[in-house]
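Read the structure below first, then the notes.
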Amino acid sequence: MAVLPLGLDARRRPACGLAASGAPLGDRRGPLGDGAAVVSDSSPPTPDPARFEVAIPPPPHPFEPLIEVLPAGSRLFRSFSAAPDRHATTFNPGYGGPHRFSFFGDPTIAVLYAAQTEIAAVCESLLHDVPLFGGRLMPEQYERTVVAALDTTRELRLAAFHGVGLRRLGVEPAQLTSSPASTYGTTVAWGEAAHAAGFDGVVWMSARCNTDRAYVLFGDRVHGDDLRVVPDYGRVFTTGPDRDWLVDLCAFMKVDVLTRAP
């Protein structure tokens, strides 16, 4: 049992508001004395497989990955922190990291990470460092986060790091696309190799939502006008239905979304 900080609510609701048995389940919130809330974990922690280290091989020479063409009109979802100088099509020029396939180059090659679905976009961003057995999202972690939808306006030529594309390169997912963050200083060489081979970016199966593809696009190959913001889609998690959607999604994965008390 854990006591949450004063003035915060814990919300964990299964998707559609149903328990595993199908019975309705309300918010798991409850005042304790001066307003703290109590959350009891439904299951004991289990080891996180992502913590096990693996050996990351260097890219092969010659580097000849399987080519995957993303057609014009394909929809991608991007999760990012809103800021006056940061928009849905703004490439990251080198802030933060290292990331799985960035950063590299001199000058640094800007990149844009995206996913095949909105759920994968959230899993690869807000839930990236949350343990597999569950955890918490604090308000400061999600309140500035926005999810946008982007449609490609031209074909994109990508290096395929999934399926038989991995076999072609002689690696397994655990050695490249599902390895822990501690290996990013090594896996970045594979992104650099894809860039040197002339690709627009890389595609792989999301390590945290492995039914969906994840993407990194290279900013010197893909430009803002190659991506069109979908005007009738967007999620802002500050409050309202979008935050409720996040609460329900995270509840399904045993993650408590903490909210500020009114």
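First residue shown is number 1, and so on along the chain.
Even glycines carry a Cβ here, placed using N, Cα and C.
Residues or ranges marked as domain 'RES' in TrEMBL: 91-230.
If you look up TrEMBL, you'll see 21-48 marked as region 'Disordered'.
Helix, strand and coil residue tallies for the domain 'RES' (91-230), in that order: 39 helix, 39 strand, 62 coil [DSSP]. Predicted-model confidence for the domain 'RES' (91-230) is 97, expressed as mean pLDDT.
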